[in-house]
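Sequence annotations record features per position, and here Swiss-Prot assigns Fe cation binding site to Cys88, His130, His134 based on sequence analysis. The annotation active site is assigned in Swiss-Prot to Glu131 on the grounds of sequence analysis.
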Amino acid sequence: MAVYKVVEIGDPILKEIAKPIKEITPNIIKLLENMADTMYAYNGVGLAAPQIGVSKRAIVVDVGEGLIELINPEIIEVSGEEKDIEGCLSVPGVQGEVVRAKKVTVKGLNRYGEEIVIPAEGLLARAFQHEIDHLNGILFVEKADNIVRKGR
């Protein structure tokens with residue numbers, strides 16, 4: 001396992017649309033493990049592959065309910081709306097209020113290539129939306145109001 005340096009705002013990979021994963025190889029499994037190690041080392045609740053410099057459609061999320069790994073995730077259903085404060089490991093020292101769907105259903109593949117569908121609400125729904133935005137080259141600051149800079 002390895003902890004990678006998180007890519008920060010200004011790096012062009014964060015503006016790219018990440019490439020779909022066509023085959024789940026041992027390298028993809030290793031990527032998921034390294035992403036989780038990195039997320040935990042940085043005390044994050046989610047991480048997308050582009051945040052460690054890899055243009056692949058993979059995310060890891062853990063909001064305190066256990067690690068979720070998703071390959072080629074997509075949001076298939078949304079409902080409601082709520083505004084809350086977000087931050088991002090790739091935009092250190094910055095927070096802002098972002099309006100997101102209150103509930104989402106996310107579909108993707110697990111590390112075994114099995115399709116999984118996850119209904120989510122609250123922080124988990126927000127984390128999924130935030131990380132999937134990363135896969136589409138979108139940073140939270142592009143959607144945020146009341147942006148505040150905090151000490152690093």
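Placed from the backbone N, Cα and C atoms, the Cβ positions cover glycine too.
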**Message:** What are the sequence-distant neighbours of Glu131 (active site), meaning same chain, six or more residues apart, C-beta distance under 8 angstroms?
**Reply:** Gly46, Leu47, Ala48, Ile59, Val60, Val61, Pro73
**Asked** Taking the Cβ of His130 (Fe cation binding site) as reference, which residues of that chain separated by at least 6 in sequence fall under 8 Å from it?
**Response** Gly46, Glu86, Cys88, Val98, Arg100, Phe140
**Non-site residues, in chain order, whose CB comes within 8 A of the mean position of the CB atoms of Cys88, His130, His134 at Fe cation** = Gly46, Ala48, Gln51, Glu86, Leu89, Ser90, Glu131, Asp133, Leu139, Phe140
